[in-house]
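Below is one structure, written out as structure tokens; comments come after it.
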Amino acid sequence: MPLLDSFKVDHTRMHAPAVRVAKTMTTPKGDTITVFDLRFCVPNKEILPGKGIHTLEHLFAGFMRDHLNGNGVEIIDISPMGCRTGFYMSLIGTPSEQQVADAWLASMQDVLNVKDQSKIPELNEYQCGTYQMHSLAEAQQIAQNVLARKVAVNKNEELTLDEGLLNA
């Protein structure tokens, strides 16, 4: 099985919260797709709580679109990482890491402005596979943590995993 790009970076050197360009590709029609690693937690030291990450998934997707879409950028998807340390965001376009960081911070402020759980989008059995597994309080704690710590940039050239550590 091929080694995926996300496993070729040294997770022991990642900063969090931080944004990283995980991958770029060009479609046959010439569009650039950029995948961002939005790292909320320091790998192997912190983890996002299950209910909080799920609620954040519902809120973050819309708020990031509000702040980042436009001027040649359109978000395709924002999905939580299986390791629960962040999200991957795929989009059409090439916004800078700073543009993404600014949109992320604005989105976290939006999360704090949600007044109660009934305001979480798609929070029903028809639109959500585990609609009872949510916590606005946990999502807001995650947002507060990001806002308090700010968002750095993780550079791929600083995170390249030493060949000797691959499959160690």
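Positions of Cβ are set from backbone N, Cα and C atoms, glycine also.
Worth saying up front: this structure is predicted, and the values here are computed from it rather than measured.
Record features (Swiss-Prot):
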BINDING   HIS54, HIS58, CYS128  Fe cation binding site
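Sequence-distant neighbours of HIS54 (Fe cation binding site) (same chain, 6+ residues apart, CB-CB distance under 8 A): PRO80, THR130, MET133, HIS134. CYS128 (Fe cation binding site) falls outside any helix or strand according to DSSP and counts as coil.
All protein chains included, CYS128 (Fe cation binding site) registers 17 other Cβ atoms within 10 Å of its own Cβ. Shown in sequence order, THR55, GLU57, ILE120, GLU122, LEU123, THR130, TYR131, MET133, HIS134 are the same-chain residues outside HIS54, HIS58, CYS128 whose Cβ sits within 8 Å of the Cβ centre of the Fe cation site. With a cut-off of 8 Å between CB atoms and residues at least 6 apart in sequence, the same chain places ILE120, PRO121, GLU122, LEU123, CYS128, HIS134 near HIS58 (Fe cation binding site), listed in sequence order. In three-state terms derived from DSSP, HIS58 (Fe cation binding site) belongs to a helical segment.
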